[in-house]
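What TrEMBL annotates here:
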type	residues	note
ACT_SITE	Asp203	active site, proton donor
ACT_SITE	Glu206	active site, proton donor
BINDING	Trp147	substrate binding site
DOMAIN	500-615	domain 'CBM20'
SIGNAL	1-21	signal peptide
Amino acid sequence: MPSISNLALAGLLAAGQGASASLIGAVQLERFIKQETPIALQGILDNIGPNGVKVPGAGRGLVIASPSKSNPDYFFTWSRDAALTFRTLIDDFLFGNKGLEPLINDYIYGQARLQTVSNPSGTLLPNGAGLGEPKYMADGSRYNGNWGRPQRDGPPLRAISLIQYSNYLVSKGQTDRVRDEIWPVIANDLAYVGQYWNATGFDLWEEVNGASFFTTQAQYRSLVEGATLAKTLGLPCTACSEAPQVLCLLQSYWNGKFITANFIQGSHNRRGVDANTVLGPLVAFDPAAPCDSPTLQPCHPRMLANFKNFVDTFRDPALYPINKGIPQNKGIALGRYPEDIYFNGNPWYLITLGSAEYLYATIASWEKSGSITITSTSLPFFKDLYPLGRVGTFGKLHPAYHIIKGLVKTYADSFVAVSQKYTPENGMMAEQFLKVEPFTPISAANLTWSFASFVGMNHRRQGHLPASWVPKDVAVPSTCVGSSVKGTYAPATQAGAPNVTIPCISNVLFQLNASTYYGENLYVVGNSPTLGNWDLETAYPLMSSNYTAERPLWYATIPLEMEEGVTELRYKYARQQDCGQEWIVEEVERVLEVPACVKDGSEEVLAERDEAFEGPGGSSGGC
């Protein structure tokens, strides 16, 4: 009998050790997921008012982004984050956690009330503009600071979450409750989507203004599902007729190599590679939709090519030292986009976990369809994991199907393992973790979205799948039209909203030249309720999104509401200093004869002011 050479024996031993290490890693990962899941769920609940133990003072049903109140201050509620969080909680409820239902009802109440809060983006009545406000104070009152507004993703995401729960109620015979209480909240959001889907807004990272892939994908799903629910309820959904044109826009983000995340207005340094193109398909996921669906499911050839391009961007050790030496077929730590400078641009837990969820969703689609199709577009994605991969369709009877499925599952697990490696022993997930040593958590602690991403990831990993929503006959129009449908809005009083009325307003564009430092903000204060009636704490914030060194512009189109009988606006500009310093308020009192107000929801600017700040400039307090 021939002897085994020393070299062969060494090879066998090495292979055995590798298999043993993989088995140990798999066991440890399973243990981590089992331990972290209840921690993450509790982390979500701890951050929801009114009973969340880490967010005292939070309003009923309001999701607080993080208990962190400094460096950074995330003690606010964001419409987007809340909708994504409750989409996960409603999933958890539908998959058996019935104890969450009172919290879901609190969410409905809280969102109905938020829809009516007058804010710097506008009001609910008459034109719905206020629904584009991205965030509010923890108690549900308006946030009055300078911010990237409007943001168009909150309304469609909220509609998707509430439709998800409404479909459940209808299946349980509670159609009347859905029609009378929940549909009015959804209808406002759908009206907003139908009216403003073709207008610019800030992306989910709140930094660039334009059109966003993530937002467009959410908008399309909301209109399709809204139309279906409206038909079930016997109600109209005029806004839902815009769905085909939104789908047409969705196709335009593909640039031949990857999905361009945003069509950005103005100068910028972005190449278009962005996590929003991975997170968007998670919102749109339908396991029953074919992989070539124009809804751009996770398993779509273009989306798999995009996934590879996005992940490969962060494999560069010069960009992300944390990923140095990790093989091409293993998961890595992932951030928002390569040009990110926020906290020096680090990996995010929710993006790394979201990438795992993306791959689990892809597998689920293959399992539903019974085959894996590799195209020339998606081939590079498959080649990284399966070098023998080739263009073709492989059914469940083909060995390649099971090999590829197993390799993608292992790949997905490796992203979860990255999260495992950098999650503290107590399971508390921050927003980010450092891309350089010591690779520790940074930014906001106990981030609700991070916890929700873990719970959502595990649902897909366990095979818990959402209901189908993609129409069987979905088709992209031959011509894209930038249309819109003027919305009709009303407070959802049966859900808890106050019965607000239409204000009489005069839209005035204020433009102010004022050089500022980072952290300084500009406001208008004056004798109008809109301008705070001379109270600096409720003055109207100006925006700086068009600010340049050549034109240090702060601006806002302000819907002025005047006291009855008052036609002369008296106002001043005010600098809000950082570090708790005193405000710098102009000494001069400016005067404007306000044009006659209107109640028809017109966004026409009736007067313009182009002025320069009169008074001393500010200086940073250095905090």
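Placed from the backbone N, Cα and C atoms, the Cβ positions cover glycine too.
Because TrEMBL annotations are produced automatically, they should be read as predictions rather than curated entries.
If you measure from the Cα atom of Trp147 (substrate binding site) to that of Glu206 (active site, proton donor), you get 8 Å. Note on the domain 'CBM20' (500-615): its mean pLDDT in the predicted model is 93. Ranking the active-site residues Asp203, Glu206 by the number of CB atoms within 10 A of their own CB puts Asp203 at the top. Broken down with DSSP, the domain 'CBM20' (500-615) shows 6 helix, 48 strand, 62 coil. Neighbour density for Trp147 (substrate binding site): within 10 A of its CB lie 21 other CB atoms from the protein chains shown.
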